[in-house]
Amino acid sequence: MSSQTETIRRVTVPQIARRKGGEPIVSLTSYHAHTAAIVDRYADFILVGDSLGMVMHGMESTVGVSLELMIMHGRAVVRGTKKALVVVDMPFGSYEESPAMAFRNAAKVMKETQCGAVKLEGGARMAETIRFLVERGIPVMAHIGLTPQSSHVMGGFKTQGRDEETWEAHVEDAKAVTEAGAFAVVLEGMVEAAGGQDHQAIEIPTIGIGASAECDGQILVLEDMLGLNPWTPKFVKVYGQLGPMIEDSVKRYAEDVKSRAFPTEDEVYR
Ligand SMILES: Nc1nc(=O)c2c([nH]1)NC[C@@H]1CN(c3ccc(C(=O)N[C@@H](CCC(=O)O)C(=O)O)cc3)CN21
Ligand SMILES: CC(C)C(=O)C(=O)O
Ligand SMILES: [Mg+2]
């Protein structure tokens, strides 16, 4: 079967775009094949987020993530899934310079991962680039509010919209990415009322992460909601305690090896 037929069987970009005001859109991040296969059964789209630099590779921010790293993890997630739309984050430095540069790198991501769309950070300032990509066949999910790739300018991962005077600029960003042709927009890390205002100002689905319950969908970093990160932002609801489970398993294995309780006759070849 051709990979094109495979692509069509997945959730499509227009299907997501039509969900404004409809059934809430379910999304999580995933960076590798085996977790993606589980998430695939429940999520409308899976984001291969550049948060993988921090979660998988121990970086202090997302600034150090390369295009090659995104492609590597993007390919793993596409291979591990069959139903969800896969969206890959464009990493810092791969799209900001010019629409032409953004197209070149986004096309590389789409060709090499077979993902269905890319995501990039920025509102009004990225509108021209979003339009350039969409007109040339690359679906774009936008991302406004707390944009982690700008954390060095913002002075950290700071919740946006604490000052009501900034709300208008956020609405302008939301409108600008909508008019530029983004099929959906992530609203990250902003006070609830600002997120709600952005949501109501535009006709494309809003995907919230620390934004507002009003959003058309929600996204979390998988490892955060699984309890694999010792500390998480306030917006995370922890659904599982995988950290302690892994620790307990590793501890018991270490004890068994030391006491020679492992391997037993079940685990050797006779
Ligand atoms: N594991 C993980 N989860 C994420 O959600 C995530 C990443 N990594 N990496 C990329 C960005 C960075 N994110 C972050 C990181 C820290 C805060 C944070 O420290 N929030 C404070 C509020 C600070 C303020 O209000 O100014 C908090 O206490 O929640 C928020 C979002 C969200 N993204
Ligand atoms: C938190 C989500 C929206 C993201 O951009 C990421 O995981 O990189
Ligand atoms: Mg990201």
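Heads up, the Cβ atoms here are built off N, Cα and C, so glycines get one too.
Summarising the annotation, TrEMBL assigns Mg(2+) binding site to Asp50, Asp89, Glu121. Per TrEMBL, 3-methyl-2-oxobutanoate binding site is recorded for Asp50, Ser51, Asp89, Lys119. According to TrEMBL, the feature active site, proton acceptor maps to Glu188.
This view paints the features noted in TrEMBL onto the structure.
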residue : record                               : DSSP (3 states)
Asp50   : Mg(2+) binding site                  : coil
Asp89   : Mg(2+) binding site                  : strand
Lys119  : 3-methyl-2-oxobutanoate binding site : strand
Glu188  : active site, proton acceptor         : strand
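Take the recorded positions Asp50, Asp89, Glu188: by the count of other Cβ atoms within 10 Å of each Cβ, the lowest one is Glu188. For ligand 1, the neighbouring binding-site residues among Asp50, Ser51, Asp89, Lys119, Glu121 are Ser51, by Cβ distance under 6 Å. Using the Cβ center of Asp50, Asp89, Glu121 for Mg(2+), the list of other same-chain residues with Cβ within 8 Å runs, in sequence order, Gly49, Ser51, Thr62, Val65, Met90, Pro91, Phe92, Lys119, Leu120, His143, Pro148, Gln149.
Sequence-distant neighbours of Glu121 (Mg(2+) binding site) (same chain, six or more apart, CB under 8 Å from its CB) are His143, Ile144, Thr147, Pro148, Gln149, Ser150, listed in sequence order. With respect to ligand 3, the recorded positions Asp50, Asp89, Lys119, Glu121, Glu188 contribute Asp50, Asp89 as residues with a C-beta closer than 6 angstroms to one of its atoms, given in sequence order. Fewest other C-beta atoms within 10 Å: among the binding-site residues Ser51, Lys119, that description fits Ser51. Proximity to ligand 2 at the level of Cβ atoms, with a cut-off under 6 angstroms, picks out Asp50, Ser51, Asp89 from the binding-site residues Asp50, Ser51, Asp89, Glu121. Ser51 (3-methyl-2-oxobutanoate binding site) sits 9 Å from Asp89 (Mg(2+) binding site), taking the Cα positions as reference. Note: the Cα of Lys119 (3-methyl-2-oxobutanoate binding site) and the Cα of Asp50 (Mg(2+) binding site) are spaced 10 Å from each other. Each residue contributes its Cα atom, and for Glu188 (active site, proton acceptor) and Asp50 (Mg(2+) binding site) these two points are 14 Å apart.
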